[in-house]
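**Student:** Right, I'll just put the structure down here and ask away after.
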Amino acid sequence: MGESVELHGAVNGSPRQLRSGNGAWPLLEGGDREPPCDQGAPCLDDLIQAHPHGRTRGSREDFARLLTQYRGTDHEIVDHYFAKHIHAGALHMCRRTRFHRRKDFEIRMRYPGDIVAAVQPEFEAALWRARAMEQQTALLVAGRPRRVLLEMLFSVIVYLLGVLDSVECLAAAGRGARKTRECSRVHRIEKALEIAQSELTRLQEFADQAAVRAALKHYVQGLFIGGGAVVASAWTASQVHMFEQAPTLDLVRAIAAGGLGAIISVLIRISRGQRLDVDTTQEPFLTCLAGSSRTVIGGALGVALYVLLKAEFIPLEIPAASDAAAPYFFTAIAFLAGFSERWAQDTIVRSTPLATSASGSPIPSTSTPCASAPTESAAGGGTGAGLVQTTSLPVIAPPTPDGTDLARRPPD
């Protein structure tokens, strides 16, 4: 039937190619990949060859014993499929980790490469796509989404191998009195490929969404780790003389409220389904660090607005210490700063004092719109607080084509 190809571990591996936690086993003499501990363990080829004989009554126990030897002590066979007419099979396996708290799922499959290549190259490409998706999501997706994804991928692989098995069965039967039309065979394969490719596209979208959710989980964990750092900073501010001669609770409230506003802002965006800029391919530690920095930035913005208000760079009236609203003022401002980074940044930029020219007059900001000219009633009544004093400039009229000035031309 020709040499088969096993998609497990390295590409185009030998029949006895098994996988360890760190990849494929090293090559031994003879070119076979064997596990270093048990040289007599059966491989997937042995299971495929023994499966037709295992359907008889006396050989079922032997086949079950062979499956037990193949899976070993740290693996479980969740599901399996073996073709009837070709040398092909697939196993959905689960590896138990330490303390049995976590299970790693994987798919092992083997199919005759010469038959698949002769049927249609796109057929093998679909199998490779399913295998590549299983390997790519091994580090990005875990838990229940990983199990659901592999169960659906295993169904697609079984469907493709089943179609290949049935096509070869019809081709073998057609060598006798009844011939199978080539166009019907090609149409069957193309229809199966269309269904499999559409399902693989849907599974790719599911895998991408699962990777984003996994990254968001680490990001949210970082939020609360950063919250602990904000709490520690607030406690330090209550013990250290930073700005005033005695520690003040207003600074403590500003730090805590800024960090809390940052956490609530991210949680609201996640609950609304708004996508955050989270890289799914980076390490979980970096994603967690990015989440913790978001909370720390919220607390820092709260402190920045507290300092600007105390320095009177922001034109807001601060309540007196005896006022009942005084404890809530800095808390509200700091919460808004942590909740909306853009609002806090705009407020800080607007509070920057304008540079002055050599004559001492302030240079207006280019981002500030020009003030409208006062009306006649306002000009006649004098200038009040907040009005800009203007100077009447002579109107220079454009000259006429003959060179006379319209402003000095006598009326007709």
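Each residue, glycine too, has its Cβ placed from N, Cα and C.
What TrEMBL says about a protein is an automatic prediction, not a curated fact.
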**Student:** Looking at 1-32, 257-288, I want to know which stretch TrEMBL calls region 'Disordered'.
**Tutor:** 1-32
**Student:** If you check TrEMBL, which stretch out of 209-229, 251-271 is marked transmembrane segment?
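**Tutor:** Matching range for transmembrane segment: 251-271.
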**Student:** Short question: which residues 6 or more past the ends of the transmembrane segment (291-309) have a Cβ under 8 Å from it?
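**Tutor:** Sequence-remote neighbours of the transmembrane segment (291-309) are 218-227, 229-230, 233-234, 243, 250-251, 254-263, 265-266, 316, 318, 330, 333-335, 337-339, 341, 344, 347-348, 351.
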**Student:** Determine which residues of the chain contact the transmembrane segment (251-271) at the Cβ level, with the cut-off under 8 Å and only residues 6 or more beyond its ends counted.
**Tutor:** 216, 219-220, 223-224, 226-227, 230-231, 233-235, 237-238, 242-243, 291, 294-303, 305-306, 327, 330-340
